[in-house]
Amino acid sequence: MLPRFTRKPADHPLGYVVALSGLLMQLMSYGIDNSYSIFSQDMHADASLGYPSVTAISLGNSISLGLSPVFGVFAGFCVDRLPPRVMMAVSTLLLFGGLWISSGLATNIYAVTFTYCLFASIGTACMLSPGAAATSSWFKRRQGLAMGINFAGGGIGSAIIPPLAGKWVVEYGWRRAFQLMSAFCAIGVLATALSARRREPDDGNDNDGDAEQLSGDTEPMHGLERSAQRSMEARKEAEGDDVAEETSAPEKELEHRQSDEVGAAQEKQKDLKCSATDARSASIATVDTELKAVDRSDEINSARSLHNDRLAPWELFVSMFTRPFAGNFLCWFVYSWSFFSIIYIAVPYVSSMGKPGTVYENVAPIPVNVAATLFTFYGVFQVVGSVAVGWIATLVSPELVYMSCSTIGGIGCGLLAFGRSYVVFALLLCIIGFCMAGMFAVMPTLIASHLYGPNLGFYFGSVFLAGVVGGMGAPPLQAMLQQRHNGNYSYGCAVMSGGMTLSAVICYVALWQSKKCGITVAARRTKLQETM
C-alpha cells in the first residue's frame, strides 16, 4: 500500500486487507512451528543426530514457542517505531533461513534447536505484534471481527501444513521435509506487501482545525487579560478620584453656604465611588479565581497517561502493575500452558495408541501420518472459532466471550484423557481448537480495549511475554509426566484443563469490571420483537 492509501477513516474496507495480511503471516509461521512435534519420532531414530532423547527434542518446542514472547517484548517496542512491513520481512527471512540451515548443517539435536527453533522463535515474535497492531489501527466498531480474521491464520496453517509435514516425514525424512516446508515462506512475502498502519485521513482542514483549537485555547487567556486591564483602569480612576477629593475638601469647607442640591449631588458622587471600589475588588477576585483555575487545569493536562502519551521506559515499567495490564498478563500466562501443551502432545498422544509397554497397548494403533491429519480438524475449527468468536465479541462483552471459550475448552481438554479412537480425538480437538482460537482472537481485543494508545505495540509484546513460561515449561513438563507415568497422557490433559479454566476465573476477577454481558444491547440492536 502506498502511504496515501493508508489515510482512511476507521473501519474502512481496506482494513480487512491488512487483517488478511496478518492471517497469512500466522498461516506461514504457526503452520510451520506447530509441525515440529511431528518430526520428533524421526529425529529420535536419526543416527546423524546421535539418537536424541524425547526430552532433548522437546527443548526445540520450548525454544521455538516459549522464547517467542521474550523476543516479542523487543518486537513490540519496535512496532511503535517501525513500519509493520519491516518486521514481517525479517520474520519471513528468519524462518526460511532456519529451515535450510538446520536441515543442511545440523549434526545433533542442539544444532536444530539453536538454528531452526531459535530463528523460528524470533520470526514468530516479529510477525505477531506488528500484524495485531496494524489491524487494530484500522478498526473501532468491528475490531473483534478484524482480530478474528487476523488470528485465523494459525488455524488455517495448522489445517494445511502439519498434515503435509506428516506425509513428507514418512516419505522423505525430517531434513527433506524441512526444505519442502520452506516453500510456504512465499506466503510471508505476500503478507508483507499487504500490511500497513492506518493514518488519519487528510481532508485539507487540519490546519484550520489546529488554528481553531489554538484560538479556542488562547481565548480564555485574552478574556482574563481584558478583565485585568479593566480592573487596573478602574483602580487608576478610583485613585484619581481620591486625589480630587482631597484637593476639593478645603474648598467645600469654605463654601458652607452651598445649596442643598449641591450637597445631595456630593453624597451621590460618594456612593458612586464606593460602588466603583466594590466593583474593582470583585473584578480582582474574579481574575485571581480564574487564574487559579487555569493553573489547576494545566496541572491536570500535564499528567501523563498510557492512553495518550508515549511513555518513558520507567513509566512503562510502572504501568505493568496496573489492573488492565496485570489482568491481561495473567490470563495469557495460565492459558499458555494449555495452548503450548496441546500443540506438543496432540500427535504423540494419538500415535501412542496401541504402543507396546504403555497403558494404551490394548487400543487399536493409529500411525503417525494418520494422527497428523487430526491437525486438519483442529485447524479448520480454529479458523471457524477465530472468525465466529471474533464477530460475537463485537456484539457482546469480549470478557464474557473469552470466559465462555475458556470454560468449554477446559472441559474438552479434560475429556481428552478418555479418548481412545480417531473419531473421539477428532471431535474433541474440534471443540478445543474452536475454543482456543476464540480465546486467541479475543485476547488482542481485550488488550487493545484496556491498553489502547501510542504504547499499544509494547503492551502487546509484553502481555504475550507471559507465554514464555508456558511455552518453555509446557513441553518438558508434558514429556516428564508422560515418561514418569508409563506413557500415560492423562496427567497432561489435566494440566491443560486446569490452565484453561483458571484463565476464565482471572478474566472474571481482573478484567470484567462491569459484569455486563451485553446480550440485551445486542438484541436491541437487531430490533427483536416479541410475537404472540
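Note: Cβ is positioned from N, Cα and C throughout, glycine not excepted.
If you look up TrEMBL, you'll see 219-238, 249-260 marked as compositional bias 'Basic and acidic residues'. TrEMBL lists 198-274 with the feature region 'Disordered'. The transmembrane segment feature in TrEMBL is assigned to 12-32, 52-79, 86-103, 109-133, 145-165, 177-196, 329-350, 370-393, 400-418, 424-444, 456-477, 489-511.
Same-chain residues lying 6+ beyond the ends of the transmembrane segment (329-350) with a Cβ under 8 Å from its Cβ atoms: 34, 37-38, 40-41, 58, 61, 65-66, 162, 166, 320, 366, 368, 371-372, 374-375, 378, 402, 406, 409-410, 413, 422, 425, 429, 432, 436, 439-440, 443, 446, 462-467, 469-471, 473-475, 477-478, 482, 489, 492, 495-497, 499-500, 502-503, 506-507, 510-511. By the Cβ criterion (under 8 Å, sequence separation of 6 or more), the transmembrane segment (489-511) is in contact with the transmembrane segment (400-418), since 3+ such pairs are found.
Within its own chain, the transmembrane segment (424-444) is flanked in space by residues 132, 136, 144, 147-148, 150-152, 154-155, 158, 328, 331-332, 335, 338-339, 342, 346, 350, 374, 377-390, 393, 398, 401-402, 405-406, 408-409, 412-413, 415-416, 418, 460, 463, 500, 503, which lie at least six positions past its ends and keep a Cβ under 8 Å from the stretch. Within the same chain, the transmembrane segment (370-393) stays apart from the transmembrane segment (177-196): fewer than three Cβ pairs sit under 8 Å, each pair at least 6 residues apart. Only pairs six or more apart in sequence are counted, and the transmembrane segment (86-103) with the transmembrane segment (12-32) gives three or more Cβ pairs under 8 Å, enough to call it a contact.
Taking Cβ pairs closer than 8 Å, the transmembrane segment (145-165) reaches residues 15-16, 19-20, 22-32, 34-35, 38-39, 131-132, 135-136, 138-139, 177, 180-181, 184, 347, 372-373, 375-391, 393-394, 433, 437, 440-442, 444-445, 448 in its own chain, all 6 or more past its ends. Sequence-distant contacts of the transmembrane segment (109-133), counting only residues of its own chain at least 6 positions beyond either end whose CB sits under 8 Å from a CB of the stretch, comprise 21-22, 25-26, 29-30, 32-33, 36, 43, 49-50, 52, 56-57, 59-61, 63-72, 74-76, 79-80, 84, 87-88, 90-95, 97-99, 101-103, 147, 150-151, 178, 188, 191, 195, 197, 444, 456-457, 460-461, 464. Within the chain carrying the transmembrane segment (456-477), a Cβ under 8 angstroms from the stretch's Cβ atoms is held by residues 55, 58-59, 61-62, 65-70, 72-80, 125, 128-130, 132-133, 136, 316, 320, 325, 328-330, 332-341, 344, 443-444, 447-448, 492, 495, 499, all 6 or more beyond its ends.
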